[in-house]
Each structure stands twice: as C-alpha cells, then as structure tokens.
Amino acid sequence: MKTILAAYSGVKKGSGSSILSALHDLPTVPWLTRSKMVKHLQVISVLQFIMTFLTMGIACSLLLMYMFCTDFWVISVLYVAWLIYDWNTPGQGGRRSTWVRDWTVWKYMRDYFPIRLIKTHNLLPSRNYIFGYHPHGILCFGAFCNFGTEATGFTKVFPGIKPSLATLAGNFRLPMFREYLMCGGICPVNRNSIDYLLSSNGTGNAVVIVIGGAAESLDCAPGRNSVMLKKRKGFVKLALKQGADLVPVYSFGENEVYKQLIFEEGSWWRTIQRKLQKFLGFAPCLFHGCGLFFPESWGLVPYCKPITTVVGEPITVPKIEEPTQDVIDMYHAMYIRSLKSLFDNYKTRFGLNESDTLIIH
C-alpha cells in the first residue's frame, strides 16, 4: 500500500523519478505487477479529472460557507475579499501555470484512452486563432487533455501558439475551482474574455471553443458522428471582428467513451433536458461508462477508446469591425466545408468506414 501511495504522490507532484522508483519495487508484491500498477494510476487519474469537474466547485462553495461558522471564519473572509478583488481576472487572460499543465497525472490520463494530437498544417505565431472543437462528447476529454494540459505536447507540436480552452463562465464564480481552471489556461466562453485574448494579449493565441456546447452533448453516443453547427455563427463573427483565423478541430472517438440514453426530440424527457440545460448551463445527460472494480458493470469510468484530435487547416479571416450577415454566412459556409473535408480525409484512419458521414445539425 505504501508503494501505491508513493507512486501516486509522484503523479500529483509531477515527479517522474519518484514514480519510477516506486514502481521498481512492485515485483516484490506478487498480486500487483508493474503493468497493473500503471493501469491503476491511469484509472485514478481519469477519475480525479471527472470528480474534480463534477464536485470541486460545489464542495469548495459549501466548505467556504461552513468555515464562516467556525473559528476559521477569517480564512473565508480573506478569500471572499480576494475573490471580489480578483473577479475579472479570468476574463483578462487568467493565471496560466506551466507547472500545473505539466503535471504527470495528465499523462496518465492521456495514456488511459489513449489521447493523441495530430497536426495537419503549421500555425503562425504572428497570427491569432479560434479553434472550433467538435464534437462536445460527454466530458470533453480530448479538449481538456490537448488544450488544457501539456499531456500531448501542444506547445511543442505548435511552437509559439498558446491555447486557451473556453468553458462556461459560471465555473469561474465557484471558489477555488476558478483558480484550478485558470492554472490550465482555461477561460470563460464569453465575448469579453475572447475579445481580450484576441486583441489585448499579443499574437500566437488560440482560443478553443467547443462549438456545439452543452446542447450537443445530449446527442453524443457511440457510433454517432453529428455536430451542432448550422445555427452557431457567433464564433465566426468574433473571428471577423478580431481578424483571427478559423481552425476546424475534430476529435475522433470523443463520442465513444460513454454510452448515453438518448431521447427523441419532442419527447417529454428531451423537453425536460433542454429546459434544465438552459437553466443550469450544462446538459443533464443520462450516461454511463464501466465500473471501477468490475468492467462489465456500470459506472463513471469511461471506456478505453482512443481519442484522436486532428487540428485542421486554418482559414484566413480578414479583420472587419462590423461584418455584414452575408460575410458571416460566407465564412461560416467555408468553415463547414473545411470541417467536413477534415472529417472525410481522416475518418478511415481512426476507426470509421468510408461510408460514414458527418451530420451537421
């Protein structure tokens, strides 16, 4: 047990040497081989990500309120004062931490699926970019691992480019969780935040937007290749106003890691899901993976399915301060064609058939 704890403490600290030294001792334990230990660390790393994003914000909020009623109330008061002072930081570039992005735990999470990043074209550090990420999936494993961490080596694959993954602005109102997100270079998905990154933060910025958003996650399931894009034109308008190039990104396998009960449009359950999604900001999906101890059972652990994120060819976009609707529609159509081409060119390499098509909703 001490060996297990020593290995995982190395994961959290980002110390590869402590992990290896702990693992070298594993052959002395007859029931735990090195390969099994690595697999356990991968599962723990994935669960750490899931539980952090599902519970950290709420748990820290409750803890802060509880501390107000204890002898530690001063800590709560000081943090709330800091929160008020620092309220606008997430929308002004945040506080990226190279140390957090380089944590070894993210590499174990990467290897669980595994997750890969594929470059098709070079990106110029003298330009700014908006990456359109598709599909949303249930928990956006590919988006977070590729753009919220250095597990797949984004800054080495695209030298001079700094990614900023955009997520719900409400997440940055939650104590401590906001600090955690900012360390990964994650920003609010609102106009002010994106405008700041593309206009007041120099060049070489890549804002990653999951275009389909929470609504798209309601249709994510194995074997489905569909994205919500037809009416999503706000990101194109942002790109035109800032002169940022558009880059389509498709993650093959993102929809394969969880199974979901999908209700038909117009049904009573789907109506409830849509209303809750608009009220809460995220979609209440009924999904499951495999169990922690018994793979054939249901649980939160995602299925081990490869996720391959392909970054497509950038579409050069001029800077137009007040783009007309016709211009927005034109570049939106160009983006859709580019995304379809990206999907068709790579689908057979990553588990799909030649007959599979990308459905645009």
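Using the three backbone atoms N, Cα and C, a Cβ is placed for every residue, glycine included.
Annotation comment: Swiss-Prot describes 1-42, 86-361 as topological domain 'Cytoplasmic'. Per Swiss-Prot, the feature transmembrane segment maps to 43-61, 66-85; the stated evidence is sequence analysis. Look at Swiss-Prot and you will find 62-65 tagged as topological domain 'Lumenal'.
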Quick test of the contact rule: Cβ under 8 Å, at least six residues beyond the ends. What residues does that give for the transmembrane segment (66-85)?
175
Give me the mean pLDDT over the topological domain 'Lumenal' (62-65), rounded to a whole number.
96
Within-chain partners of the topological domain 'Lumenal' (62-65) [C-beta distance under 8 Å, separation at least 6 from its ends]:
76, 79-80, 175
Residue counts (helix, strand, coil, in that order) that DSSP gives for the topological domain 'Lumenal' (62-65):
4 helix, 0 strand, 0 coil
